[in-house]
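Feature list (source: Swiss-Prot):
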TOPO_DOM  32-835  topological domain 'Extracellular'
CARBOHYD  ASN54  N-linked glycosylation site
CARBOHYD  ASN74  N-linked glycosylation site
DOMAIN    135-235  domain 'Ig-like C2-type 2'
CARBOHYD  ASN137  N-linked glycosylation site
CARBOHYD  ASN195  N-linked glycosylation site
CARBOHYD  ASN214  N-linked glycosylation site
CARBOHYD  ASN316  N-linked glycosylation site
CARBOHYD  ASN397  N-linked glycosylation site
CARBOHYD  ASN583  N-linked glycosylation site
CARBOHYD  ASN646  N-linked glycosylation site
CARBOHYD  ASN764  N-linked glycosylation site
CARBOHYD  ASN795  N-linked glycosylation site
CARBOHYD  ASN796  N-linked glycosylation site
TRANSMEM  836-856  transmembrane segment
Amino acid sequence: MPGPSPGLRRALLGLWAALGLGLFGLSAVSQEPFWADLQPRVAFVERGGSLWLNCSTNCPRPERGGLETSLRRNGTQRGLRWLARQLVDIREPETQPVCFFRCARRTLQARGLIRTFQRPDRVELMPLPPWQPVGENFTLSCRVPGAGPRASLTLTLLRGAQELIRRSFAGEPPRARGAVLTATVLARREDHGANFSCRAELDLRPHGLGLFENSSAPRELRTFSLSPDAPRLAAPRLLEVGSERPVSCTLDGLFPASEARVYLALGDQNLSPDVTLEGDAFVATATATASAEQEGARQLVCNVTLGGENRETRENVTIYSFPAPLLTLSEPSVSEGQMVTVTCAAGAQALVTLEGVPAAVPGQPAQLQLNATENDDRRSFFCDATLDVDGETLIKNRSAELRVLYAPRLDDSDCPRSWTWPEGPEQTLRCEARGNPEPSVHCARSDGGAVLALGLLGPVTRALSGTYRCKAANDQGEAVKDVTLTVEYAPALDSVGCPERITWLEGTEASLSCVAHGVPPPDVICVRSGELGAVIEGLLRVAREHAGTYRCEATNPRGSAAKNVAVTVEYGPRFEEPSCPSNWTWVEGSGRLFSCEVDGKPQPSVKCVGSGGATEGVLLPLAPPDPSPRAPRIPRVLAPGIYVCNATNRHGSVAKTVVVSAESPPEMDESTCPSHQTWLEGAEASALACAARGRPSPGVRCSREGIPWPEQQRVSREDAGTYHCVATNAHGTDSRTVTVGVEYRPVVAELAASPPGGVRPGGNFTLTCRAEAWPPAQISWRAPPGALNIGLSSNNSTLSVAGAMGSHGGEYECAATNAHGRHARRITVRVAGPWLWVAVGGAAGGAALLAAGAGLAFYVQSTACKKGEYNVQEAESSGEAVCLNGAGGGAGGAAGAEGGPEAAGGAAESPAEGEVFAIQLTSA
């Protein structure tokens, strides 16, 4: 047996829940009222579906119970206080089943509500019109039969994916089923080809079910627009049998033009047109061909159909038959003098005209007779035929040519007696004769020579010139004529008749003549270049101004030729003062040579040779007339004197005397203007020792920074510096830079002690000596006797003592010495302190040490000081770091108790006879 259905399981679950609640209620409150319950109270069931209903009560022992409904039952299950029943094939839109129980002589009831729903399985969009005019309304109608409930239904009309209208049916009665939605829509161009559809939505989500959707099949809308105007026909009004003429039909304002159908016919003949679309217009073209069966009045029809509507145009076309006239000659070719008959005939309705003369009546032929002459050869005869068709006059014509046979004729127009051709270009030589048949023409020289190639393209040469006999012949006879051929050509100037170069001699008679070749004979004119209108004619007395270039031009009708003729006039040598001066000055180093240019043609050769004195037989170098890479070497020295210059060419010679002098530009060097000069301060100053060589004698000026050197002054240190000296004469300048140094005697500018206060025993002090001198001075010191452990700086400018003792007190002298003198200054150093008694107590020991120091000092003075240097370490260990004078120095023991270093007596010049030795310290 199959298990219970899901609905039954839900009903049983509800029943057990109700029983449990009932038992709990009985145990908790025995006085609670009894009730009946129906589950589910409200249910939505798809139409035709089934449902389990559970009916239960809390009555402990109900007497009886049941479920009242009009729906079909399929099965029932019972318990003490419950009843479950399955309802099937539920189709009613809405039913209310009743659950009841009898308990304690009371009837307990519970009512339920069962509603059915039907999916929108059928969604129908009513058919659209086959064609819908643009700008007019059409109806969209959508039906959804049976779907419901209607209150949960929504219908939407769509154009493609675009919603046009959407409607819901909320508020409709619960039992209402099915729906219809209708809308009026304006047809537009863009709706053509659009798909319209309807979408139905049954929304049961508020009732715990889903959303059911369905759409109709799409329906395509076709819109159209057709102009109210009739088509335009373009066709001939008349159409000849057997002819083809184009016809066309045009209509604007069509949409869609591609859907239009065009019918084009002539009578009952369909023309099957070719249709061309141009936007909202079309052009239908076809070719109409008329046949004899269609002769008469016919209609040309153009019919346009679109969207079930049509537009039509009709026009009348007359089809006619009009053959061309017939023109005949009795003889198409006759001999001169024979009679010829010309006849023109046409159809029965046509009127013919022959050579402008009409026939008497339509349908009758026209005739003409003539006696054939030469002038009638190739004569054309014209026949016209006219026919009236539908009020219009039609014309056709025909022509025929008559040939007349006659003997040849050579006319001057076709074969001139005199021919003149230009030489060179290719020509077609023509001598034509009239005659029928066409005559043959032959031209040859009378002497049996050259033959002219008539009718052929060929070059024209001078050899063709001459007289020719031309003969024309055909089967009717012959003709003879003599012709003369002249070949013309442009002038030519050759070297024989007109040489390129002509030489004349000054003072003789000559003429300038040029002979040119050409046909016709050319005229020759010679004009000097650059002189308009100066034509050279006849004999000339040759002068130099006749030399130059002449333009000779030969001219005839065939052209011109021109040639330049260079005329040279030669003459003997002649000196001119500007080009060969009588006096010349040579400047040494200028690189110039004597220029002696001589006038003459051809160019004379020139040689200058010394005459007398030191220049006897000496050849004077000359500058070449034209610069050349192989110019003569320029001499470094040129002997001045008198030279004789001779100029010679083939027309003579001439001599001239030249006086040559020599000069030179300024020159300064180390010997005449030393680059370094030294002055002594205070001396009388004179000009700088600068001189220059040169001719004429140069002047020399010296300046510093543009300021000239004063004539007289005393030399001071400010005069030291750099001077610029310039030497000048007529041939140039030379300059040198001179450095002036000013030397002066030494002066001890500063002698100072540090510290400036008192020096206590055991303390340190330093003496500084600064001297001004040039060249730099040598510094020397003189210290008190017995002063030990004295240190000097490398240049002796500083004297220092570490651990001063009483022996360091006394007078110190600083002396500065250079080549120009000596200068000295003195300073007194005092050493004192509270331990003076110690010094007194050790006086005896000091005396002994002093004696030993004096001996050592004498040794140092006699050895190291006289050499000018000694070792610093040795000097310090010996206790003597200074050089003493010959007397052994001054006393150094008298230092005051409160004293300190001080200058004693300021600067004092050392006696000339005193000897002070300089001390140079060197590293050990």
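Just so it is clear, glycine is given a Cβ too, placed from its N, Cα and C backbone atoms.
Here the Cα atom of ASN795 (N-linked glycosylation site) is found 144 Å from that of ASN316 (N-linked glycosylation site).
Summarising model confidence by region, the domain 'Ig-like C2-type 2' (135-235) averages a pLDDT of 93. Under DSSP, ASN764 (N-linked glycosylation site) is assigned to coil, being neither helix nor strand in the three-state scheme. In this structure, the glycosylation sites under consideration are ASN764, ASN796, and the one with the smallest number of other Cβ atoms within 10 Å of its Cβ is ASN764. In terms of DSSP secondary structure, the domain 'Ig-like C2-type 2' (135-235) contains 9 helix, 56 strand, 36 coil. Taking only the Cα positions, the spacing between ASN583 (N-linked glycosylation site) and ASN764 (N-linked glycosylation site) is 89 angstrom.
When the Cα of ASN214 (N-linked glycosylation site) is compared against those of the glycosylation sites ASN54, ASN316, ASN764, ASN796, the shortest separation belongs to ASN54. If you measure from the Cα atom of ASN397 (N-linked glycosylation site) to that of ASN764 (N-linked glycosylation site), you get 156 Å. ASN74 (N-linked glycosylation site) is 14 Å away from ASN54 (N-linked glycosylation site) when you measure Cα to Cα.
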